[in-house]
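Engineer: Heads up, here are the entries from Swiss-Prot:
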type	residues	note
BINDING	C68, C73, C79, S308	[4Fe-4S] cluster 1 binding site
BINDING	C94, C98, C101	[4Fe-4S] cluster 2 binding site
DOMAIN	80-297	domain 'Radical SAM core'
Amino acid sequence: MSRPERLQPGVKLRDADKVSRIPVKVVPSERETMLRKPDWLRVKLPASNQRIVDIKQALRKNGLHSVCEEASCPNLAECFNHGTATFMILGAICTRRCPFCDVAHGRPLKPDAEEPVKLAQTIRDMKLKYVVITSVDRDDLRDGGAQHFADCIREIRKLNPEIKIEILVPDFRGRIDAALEILATEPPDVFNHNLETAPKHYRKARPGANYQWSLDLLKKFKEQHPHIPTKSGLMMGLGETNEEIAEVLRDLRAHNVEMLTLGQYLQPSKFHLPVERYVPPAEFDELKDYAEEIGFTHAACGPMVRSSYHADLQAQGKEVK
């Protein structure tokens, strides 16, 4: 039996190459078997794309990445045109192979020590008042990338003292306490970590992750920073039931999470997990009502909702769906 080919630093693996060695194999979808998107899931393109071009040019100029582009988010045009972007630090190559996600897998390069300053300058030039910072998983780093998050927060606030910063962090597998100790030096305004799906579906959707670890990360941060909102996001359409999602919501509240995003999973390519169901808007509304009933201070629930979709409005408690 031949040994797997050694990953080369900086080389992006996508689609079939990315998911070739995950526990639950993904059978490439045939067009005939793929569910047809309902009319209420169509994305509306903005009338002008100049703002989109400007943001992309600013990112390229400074060698920065957005999760909007790297993960092929369907809301890219709307968010860029709105003047918002979710910056992705620590490169564009993830050490995990989650088959729902379109971010490339591989062996990442060493973190760019200049990225925190370049990010802060770009945010200043874009005159942003609210930013979301996320990252790929960096299991190759001793702290999982926590110090780089802290460095970015510090530099952003130096140049943008009035800004609000939300961070969407990985699970810091096996390094939670060390990572939180580092983040305590430069805490964000909102702490976000996505559970993504119900625990029953972790093996196929989040290989390498652990449902309880993710809950513990959220709870421990909240215990250390009781005044900072905690947030998590979930997808629907991977085979879960509404009751399974409701149970996750109860788990999140039991771990003191206050903000929620809930959206429809969309298959990035035929090599990714298939969409098993398109969830009607009315069911999202029902889950939103339930989330608020059990104590979430804000719940953004709808087919096109994503974790950082209009995050500034979410943080203000405004309706997002």
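Backbone N, Cα and C atoms are what each Cβ position is placed from, and that goes for glycine too.
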Engineer: Nearest to S308 ([4Fe-4S] cluster 1 binding site) by Cα, among C94, C98, C101 (binding-site residues)?
Structural biologist: C101
Engineer: Let me know the most crowded of the binding-site residues, choosing from C94, C98, C101 and counting other Cβ atoms within 10 Å.
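Structural biologist: Per the Cβ count within 10 Å, the most buried is C94.
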Engineer: For the [4Fe-4S] cluster 2 site given as C94, C98, C101, which other residues of the same chain have their Cβ within 8 Å of the site's Cβ centre?
Structural biologist: R96, R97, P99, F100, D102, V103, H105, V136, D137
Engineer: Return one of helix, strand or coil for C94 ([4Fe-4S] cluster 2 binding site), based on DSSP.
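Structural biologist: SS state of C94 ([4Fe-4S] cluster 2 binding site) = strand.
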Engineer: What three-state secondary structure does DSSP assign to S308 ([4Fe-4S] cluster 1 binding site)?
Structural biologist: coil
